[in-house]
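According to TrEMBL, the feature transmembrane segment maps to 20-39, 59-77, 89-108, 114-134, 146-167, 173-196, 303-324, 339-357, 369-386, 392-409, 430-451, 457-478. Annotation comment: TrEMBL describes 21-487 as domain 'Major facilitator superfamily (MFS) profile'.
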Amino acid sequence: MAAGEVHSGRYRRVPPEGGWGLLVGVGMAMMFVVTLGSLPSFGLMFGDFLTDLGEETSAIALITSCFFSALSFAGLFTNTLMKKTSCRTVGLIGAVSYIIGSMMTIFVRSTNELLISFAVFQGAGFGLMIPVSYTTFNAYFVEKRVVMMSVAQTLIGLGTMFYPIFIQRSMDAFGFRGCMAVLAAINSHTLLAMLVMHPVQWHMRRVPLEYDPVPTSAPVAVAASDEKPPKTEDDFQELPAGQGLSQRNAKLRGSRRASSIPGLGNWSGPVVVSDSTERDTKPATKWQILVDFLDLTLLKDPIYVNIVLGISFALYSDLAFFTLQPMYLFMLALSKTDVSLIIAIGAGADLISRIFLAISSTCLNIKARYVYLAGALFTIVARFAFLCVFDFYGMAIVTAIMGFLRTWIHVPLPLVFSEHLPQERFPSGYGLFMFLQGNITFAIGPIVGYIRDVTGSYNVSFHVLTLVMALCVIPWFFEICYIRLKRKARTPELGHVTIPMIQETKA
């Protein structure tokens, strides 16, 4: 029985796989369009404003670093907030924070004010809305999750493709502050997106049971519709975590499914670390409270740590690169119209890549982590080509290639974690990742801006960002090779142990 199903007499309640879930998918796409669309267009929006203040690259690096730091702290507290209030309420809090920050940008006069409005308020709001959107979407769709996630990703790509062109035309028509007012009105749609994140229990479907839930060893009785049938192994997923290790293990066995890009959004993965609920009943110390709050036991898993570090470096490298790209293009004497068109071409290639990924996922069974690794590797190659072209058409072609590969870094991101973690540990595992990723970004973010200001060269900054991307590729490659070699080495040993056992049984 799939996760989320609940027995109720002769019926069981299952996710709607449509209905209100369609609005949830549209709301998730709407939220990501208005939030992600502004990040690669940051240079278009605030480039002239920061130049007039005498601050350019260093300010952009600092603000974007603080943005992701605020995002990470908000994501860290999301799991705790969801335990105290509803998922939808947390999303509404994030939407209000994001809207307040958008309105504050209309009146900014200094870098510090932009830091507070864009980085703190908008970053924290975005950090609250991300887990809410993923959690609600996955609750509504199980069997149709692949199709619906593909549709949502296509809508996101379509919206972000036109975002830079829209920003440039708004800047030309209304000026800087008028454009900020228009964007604030658009960003207010995040409130509507979070309003449609209804709890899935409001829209569950009732379907007849296809088997008798009563154990065969017990007397067979027909349960009335308002009675609860005896618990089976599948029902352990509805039990509280404190019911015992054996019930938890049964729950984990029932919740695992093969996960790959075709299983977009599926939850699976081996349990390689112990949960905080499995410790004894001794009074919790302050350190244990901190461990439980952050779910730090996940850090005992070296593969999880390698995943977190690799994705953190890759995300920072990608976002910082595309944030600095408009300023670099302006330095090459390209017009604002040409720059906005190049950014739009990259977003269009991103959309095509999302469609390609969705179609190919129906016939290819590839792990999300391998897709992510390939995207990071080919991005490194494309960046070297980027620094070898200087005209509009060359830039458009290379940006399109990088935009196509960018999808392979962003779309499989949550799936990399869902492949490795069980379903019930995904919120805490993803929240811990957001916390660590934000702090890593905050720590290394200003370094690139400092290098640009000291050397006066964008090329050096781009090479540093490419090196940061390599910090994802190299450790992942060595880990995958090590695990494969270890498995091959263990195969003959397992075969040697198994054969005598079979012979002894026959004897």
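Glycine too: its Cβ is placed from the backbone N, Cα and C atoms.
Among the listed stretches 89-108, 146-167, 173-196, the one sharing the most Cβ pairs under 8 Å with the transmembrane segment (339-357) is 146-167. Cβ atoms under 8 Å from those of the transmembrane segment (173-196) belong to residues 20, 23-24, 26-28, 30-31, 34-35, 38, 45, 48-49, 88, 91-92, 94-96, 98-99, 102-103, 105-107, 125, 129, 132-133, 167 of the same chain, restricted to positions at least 6 beyond its ends. At the 8 Å Cβ cutoff, the transmembrane segment (430-451) and the transmembrane segment (303-324) share at least 3 close pairs (sequence separation 6 or more) and count as touching. Looking at 20-39, 146-167, 303-324, 457-478, the range that has the most CB pairs within less than 8 A of the transmembrane segment (114-134) turns out to be 20-39.
Same-chain neighbours of the transmembrane segment (20-39): 45, 64, 95, 98, 122, 126, 129, 133-134, 136-137, 140-141, 148, 151-153, 155-156, 159-160, 163-164, 183, 186-187, 189-190, 192-198, 202-203, 319, 322-323, counting only residues six or more beyond its ends whose CB sits under 8 Å from a CB of the stretch.
When the stretches 59-77, 89-108, 146-167, 303-324, 369-386 are ranked by Cβ pairs under 8 Å to the transmembrane segment (457-478), first place goes to 303-324. In the predicted model, the domain 'Major facilitator superfamily (MFS) profile' (21-487) has a mean pLDDT of 79.
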